Amino acid sequence: METEQQQRKDSVASAGSTRQLLAQMDVKATGSPSAMTSPGAASPATAQSAEDASPAVPYGGKFDPKAIAKKASARHQSPTVLGALQGRAAEKTAVSIAAPAKGSAASSLPQGKPISGFGFGKASNDDKVPTKRKLNLDDEEISKRKLAKLPDLSLETTDDAPYVNQDDDEDSDGDNFAGTEEEAAAAARAAHERREERILQQSMAMETDEANPAAEGQVNGSEPAVSSANAPEEAQAKPQTDSMDVDTKEDDDEVDPLDAFMADLTEPSFGPASKPVKTLSSAKVLPTPEAYFSDDDEFGASTKEGVDAKAIMAMAAKRKKKEIPTIDYSKLDIVPVRKNFWVEPYELSEMTEAEVAELRLELDGIKVSGKDVPKPVQKWSLCGLTRPILDVIAKLEYDKPTAIQMQALPVIMSGRDVVGVAKTGSGKTMAFLLPMFRHIKDQEPVKDNEGPIGLILTPTRELAVQIFRDCKPFLKTLGLRAVCAYGGPPIKDQIADLKRGAEIVVATTGRMIDLLAANQGRVVSLRRTTYIVLDEADRMFDMGFEPQVMKIFANVRPDRQTVLFSATMPKIMDALVKKVLKNPVEIEVGGKSVVASEITQIVEIRDEKSKFNRLLELLGELYKDDDDVRSLIFVERQEKADELLRELLRKGYGCMSLHGGKDQVDRDSTISDFKSGVCPVMIATSVAARGLDVKQLKLVVNYDAPNHLEDYVHRAGRTGRAGNTGTAVTFVTEEQENCAIGIAKALEQSGQPVPEKLIEMRKAFREKVKAGKAKDQSGFGGKGLEKLDKEREAARNRERKTHKAEGEEDDAEDDKKTTKNDEKTDKASSAILGAASAIVSRDAAKAEAEAKAAEGGSTPTAAATPAAGGKGGALDKAASAINEINARLARAGQLRPGQPIDNKGPDAGAFHATLEINDFPQKARWAVTNRTNVAKILEATGTSITTKGNYYPPGKDPPAGADPKLYILIEGDTELVVGNALSELTRLLKEGTMAAADAESRAPASGRYTIT
């Protein structure tokens, strides 16, 4: 029997590797002993014959090696297609149960060895490589399949393969299939795809190694087995179904077994690769690459490049214009608000018209115009105010209303629009604050992010702060919130206060525009604003703020109540009043533009040299009798204020200066120190002429005379407030004839004597005006924000730097556009486009130059000449200059200014380009020639960048025989690197040009005030 068995084995061996391959595949398909053993065991431990191995079978069934060998011989004589299995289920079960016992006793594989995709990790690996199951190369799957109910299988096919494999491969490892070189190559191709998966499978394999033997022991009963009996039904049936599908397909199509096996081996490579593809397909689509340098479009010549350059230059030459979104209230459902709170008291209803007229005459000559004007009140209790407001008034010790308050309070409380004109220090602020509090308390509370109900606009920051301080005593009692917004401090803090909600906003016009334009109008909303006050309205329009004021009014509800107050109201204001007010009531107390009678006015005609000594004399007389008094000195210009400050400090007077050139923090601290008496003397420009209320202020000196009446009235009105007395001294030089008209008129209206010399100066100036030699000045010459931009820019730059250092956001800027800036933008854009030449190949340039030379044109060096501003005439001049230089020097191979681009030096490249920088600003030239920027470009592109030519002033052409204009030569081996370098240099040139244009438009504050 042994001889017969040996012959059968030899016949199988002679069949070649293909037979072995088919046999091994059948072993895996029918459940070999190695497939049934533990993953930690080898297949057979020793090379034994079938007879020696049979007694070790633990079950009671009969094991006949002869029958198995006979069936194996019949199978090898007539081989079948892979998967064509026939037999009986009973015999298959017997053999499959017998094999595990043999293998389990000979387990020699280390337990701690990491298991690959063919081991315990196969369960998770099958999810990624489903085609592995079709090849039946996994031991665990077959062990699962033996527990399922199987169809009828051929006993011949099932039993012959294990013994052929056992006899041939005594040292085969049960965990790894002993295949051919083709299988090893296929496994190697798939190895790198499973490398990352094996790391994750190691932990899973160890857990499975501990769980599966215990589960298998429940099936065998006597000794532990490997296959899991508790596997889910789907996990057991699916490998079987997949295997059967493969078998059926191969059986039907009659595919060669080796081809089918090799095809299945290559399939797993698509399994793992499919997952990354799926991930990429579900990922976010990346932006499409854009070609910056293509063959179809030369650098600097495209229309798109031109548009971009213009846009960039436009941003530098003109700052972005603030646009306030306009609200169409006709399409909104506006909730009506109550504005009329006036109920005429019984005491007033009994008064006749004659008695009312007499009362108004007694109250400083109140003049009113309008229909149905309420009668003036004489007590706080008759004004219709709430009890909390009256309690605060009592705490502030306001005994009775002033003249303007007596008439303005009942008119405003009735919901009418009002124009109030009263002398300085007459209590105009309380005249519009008290009705505003009553107006706000009648409405629903303001929620977060809702706009204010009351809006107060002022022309200066100091006046805004003054009004805000007057509001504070009422805010806590009434439960209201107020925000003071003005330029200088960071806008971020003011926006945060507004978002928390505020019923009252006191703001300057420019900062209010900034807030309304911020974040496309979503920061501040004026939809709930129904009460607007313009304090010192004439000065606001005088400074040119009419467009800004009209923008603000366009965003407020049409049913608003508007109040205008000022100490002066020129006739030119009448037309502007009609634009913003509806049927207003005009109230005039003491006349328009009149200095209070409590103020003593002194006008002195003297030369410039004697002013300072006279000032020292006035200060000495003032502080001789009383130390706790204040004096205010007005000058015309900022530098004059600083100069006078130094002179007074040298004389021992503690003083401070106040003007628009100072930071807002300094301005606030100066006013605070002046009011508290730290510095009893303050030198200021007209910025302090309005809204400044200091009780101890006894002396006002106009060191430089004001040039119009309204300014004089407000300057003098800083003293003699609230019934107190004061003195206003004005110095007028003989050259200031234009100031004589306003000062003389103010003296006449207030009943003060007018000096004869001043009358003569006024007469002389009027004659000059009639003769056309002079122009009368009456105020309203301001240019608005456009004029103030340049004057404030230096201070804003300092503030911006301070905010950046403190982590603050940049302060919002007023954006305006001028025609001059537009012209600069167009010129700079065209210059940048024309300065960059196209990228030219060295060979092409030489060929073109030789062709021109053959035609009798220019020399070969002319082709290498940089373009001079993109003009042919300049190009010819540069070419002729280069030719003359080369002819004179007669030396080759030396790099020098004007040398042709197609040189043979070490830096010569196959491609080159030029960029002329001679006519650009100094900042732009420095940006493209400084060592740091050039080194970065050289490192990034690997090109050669050389600065050539000489600098010539704008408008001057190089003389004959001289070097060409300053330009940059870029050389490189490829067109791409030259284009990249040229693009980077052009970007730097644009940035430098933008910085220069922006610096030019931001001139210092008219040379008035600088910090050194």
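Placed from the backbone N, Cα and C atoms, the Cβ positions cover glycine too.
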Swiss-Prot feature region 'Disordered', matched against 635-658, 851-874, 971-994, maps to 851-874
Feature motif 'DEAD box' in Swiss-Prot, mapped to one of the ranges 231-234, 535-538, 611-614: 535-538
To which of the residue ranges 291-319, 378-406, 494-522 does Swiss-Prot assign the term motif 'Q motif'? 378-406
Quick test of the contact rule: Cβ under 8 Å, at least six residues beyond the ends. What residues does that give for the motif 'Q motif' (378-406)? 341-343, 345, 347-348, 359, 363-364, 366, 413, 420, 422, 426-428, 430-431, 434, 437-438, 441, 473-474, 477-478, 587, 589-590
